[in-house]
Amino acid sequence: MATLIHTLADHSDDINYCAFSPSCLATCSLDKTIRVYSLNDFTELPYSPLKGHTYAVHCCCFSPSGHVLASCSTDGTTVVWDASDGRRLAVLEQPSGSPVRVCRFSPDAAYLVSGAADGTVVLWNIRSLKLYRSGNVKDGSLVACAFSPNGNFFVTGSSCGDLTIWDDKMRCLHNEKAHDLGVTCCDISSQPISDGEHGFRYFQMASCGQDNQIKLWLLLVADFSGVELKRKCTLNGHSAPVLACAFSYDGQLLGSGSVDKCVIIHEMSTGNTLQTLTQHTRYVTTCAFAPCRPLLATGSMDKTVNIWQFDLKQPCAGTTVENESKLAVEAWSEDDVSAWLCAQDLADFVGLFKTNNIDGKELLNLTKESLTNELKIESLGLRSKVLQKLEDLRMKMGSVSAAVPEEFLCPITRELMKDPVIAADGYSYEKEAMENWISTNRRSSPMTNLPLPSLLLTPNRTLKMAIGRWLETEQK
């Protein structure tokens, strides 16, 4: 499934972190530098390596557009760089002066979080490059951080084993003891999932720790009910502390790296191990999936970064040509638009479209004039290419007028259900799909991966009637 296509060996010490933008890969190291590579041919960019930190660089991350890069270090600073030319834009000093272990941009690039060894967490305003809010965890060093896709909250992980949920005003919403020996990394999938019953949209989160485990969580933050965090399942594939985890762009895969020198690719729909990669010769410290290409980067204390390519038909598996007729383009999120751009060989526009908040509705309204005047695409050839792809998309849409309601889609097939049944996990599925699931000796829920207490399937007549009424309305 994954094939090693390139190895980067330019750092002179342990690799601590790697991060993708739509067009680049950044890596950082104990050697105090950050290196940046083009994804076209994995050559190092002319301005690389970036130098400026006086001690080891622990983490690096791109803004969603890929225009800005941040890095943080034992020297107690988080540095903001221009990703186009490597200019240093700002040096943000942690108020306590403590070593900074992790940094993350918010999805709208308005804020940057930095977490330090003394437990302090700072939210920086990127426009002013000033401190916006700060807080601290009750115990331990901050070593992990992940934003929700909507930017309404972020999660931090500490060396004492806690996961802490913060809102965008830096208020602590929830604290959970997750890993007895300490959290090492966490990530939140960009693709929310539905509970299929109440219409809630949960965020799927993974955390890993010194206890050799990866834990999957379902997280809901709602104004009326506060925070709900429940453990979905535990993945036990590694034989030593797990140091890194990352979701693929479409949320279907989870990569993890460990002290056991292995990288494991997990399938999220089943929790199964798809592949174990054993090419690194020392601890695997980091892994990252590219946002719009079938690429995985893994870094290690062996001073190398391996680039893996997945054998996928689409660069992004979020929205494909096959389901454009089933899901109205007007209902696409910004992430769906990004997936479409990648599938059309337009990945270089992902950052531009995200910066301008182009969702499905905005995408269909794009014209030659808006591409020129609003998105500032000056090249006539590039404008023509985008317009041609848009025309092809509109033709494929046919006469579809509205998106199929999420609760009418089978969680297994993602098709409109004809004969919905309720399984023992409380979720509704297409009868044939669930029967096939069970017949392949699967005794776990497709949605939670927890054991099914019963294999009984009960017809969901209420849902079937609702689907029938919806179809009648659509046919009028």
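Cβ coordinates are placed from backbone N, Cα and C, and glycine is handled just like the others.
According to TrEMBL, the feature domain 'SAM' maps to 332-396. What TrEMBL lists as domain 'U-box' is 403-476. Taken from TrEMBL, the feature repeat 'WD' applies to 50-91, 93-134, 146-167, 235-276, 277-311.
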Candidates 146-167, 235-276, 277-311; stretch with most C-beta pairs under 8 Å toward the repeat 'WD' (93-134): 146-167
Counts of helix, strand and coil residues, the domain 'U-box' (403-476), according to DSSP: 27 helix, 12 strand, 35 coil
DSSP helix/strand/coil residue counts for the repeat 'WD' (277-311): 0 helix, 19 strand, 16 coil
For the domain 'SAM' (332-396), mean pLDDT (0 to 100): 81
DSSP-assigned states of the repeat 'WD' (93-134) in counts, ordered helix, strand, coil: 0 helix, 24 strand, 18 coil
DSSP residue counts for the repeat 'WD' (50-91), split into helix, strand and coil: 0 helix, 24 strand, 18 coil
